[in-house]
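K.L.:
Got a structure for you, questions after.
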Amino acid sequence: MMLEHILVLSAYLFSIGIYGLITSRNMVRALMCLELILNAVNINFLKGNIFSIFVIAIAAAEASIGSAIVSSIYRNRKSTRINQSTLLNK
Amino acid sequence: MKSISIYLSLILHRMDLPGPIHDFLLVFLGSGLILGGLGVVLLTNPIYSAFSLGLVLVCISLFYILSNSHFVAAAQLLIYVGAINVLILFAVMFINGSEYYKDFNLWTIGNGLTSLVCTSILVSLITTILDTSWYGIIWTTRSNQIIEQDLISNSQQIGIHLATDFFLPFEFISIILLVALIGAIAVARQ
């Protein structure tokens, strides 16, 4: 019973994260929804507890690179709208 | 005092909570997760949504405690709430702008289509989860676990796995972390 509750909650977090990632016009909110997706996947590895550590480490590396990219985009263009997709062309 | 410490160590190693407390904690954490997930996506102020993400991460850490994985719960609390959430808050507050309060979040056709696709994904996942018989699958894949699983703690299990089976991914993870940090610093400088 507990296993199915946790899996249903992780599916809910996954779908909410995908919805937020696609329909967010703000890059930092997209980063936050990406962390939601990674946590939803991470909670599925209950009994294989070594793989959760690897997913946490990968998510940490990706969050640092994502925030570095967002800050460099903001410094260049002064706006963080997501539909200006040629921002890193300079 | 010694009896209290023995009692606490037994509780923390063998987390067999009584039934009603277990169910109450599940319902409480589940509702916290549902509301926090909605708050990340739907709140307009990005600082509020970052704090709601912090609530989601703390609830997930408590789920790990309920599932007897204490090391992963502590790692989640330290790394996700302590480092990644603070990094996201820093990015949110550093990239402030007056454009956030004009972000009306109009309900476009793309939003409606995405919500339709996401609810269909959610419904298909839930029907797949509720139709699978999990105890048969878990019982037949017990071959590659450590023999004395209930006698050693969770952090010792992780240590044994890291040293024997997952030694190569451990080295690769350290290289990935090094490269990611150097790359992030190189991108974020002037």
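The first residue you see is number 1, and the count goes up from there.
Just so it is clear, glycine is given a Cβ too, placed from its N, Cα and C backbone atoms.
According to TrEMBL, the transmembrane segment annotation covers B:21-41, B:47-65, B:77-95, B:107-130, B:166-188.
Let's see these features in context: how buried, what's close, how far.
P.N.:
Within its own chain, the transmembrane segment (B:21-41) is flanked in space by residues 48-49, 52-53, 55-56, 59-60, 62-63, 66, which lie at least six positions past its ends and keep a Cβ under 8 Å from the stretch.
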K.L.:
Would you mind listing the long-range same-chain contacts of the transmembrane segment (B:47-65), meaning Cβ under 8 Å and 6+ residues beyond its ends?
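P.N.:
15, 25, 29, 32-33, 35-37, 39-41, 72-73, 76-77, 80-81, 85, 88-89, 92-93.
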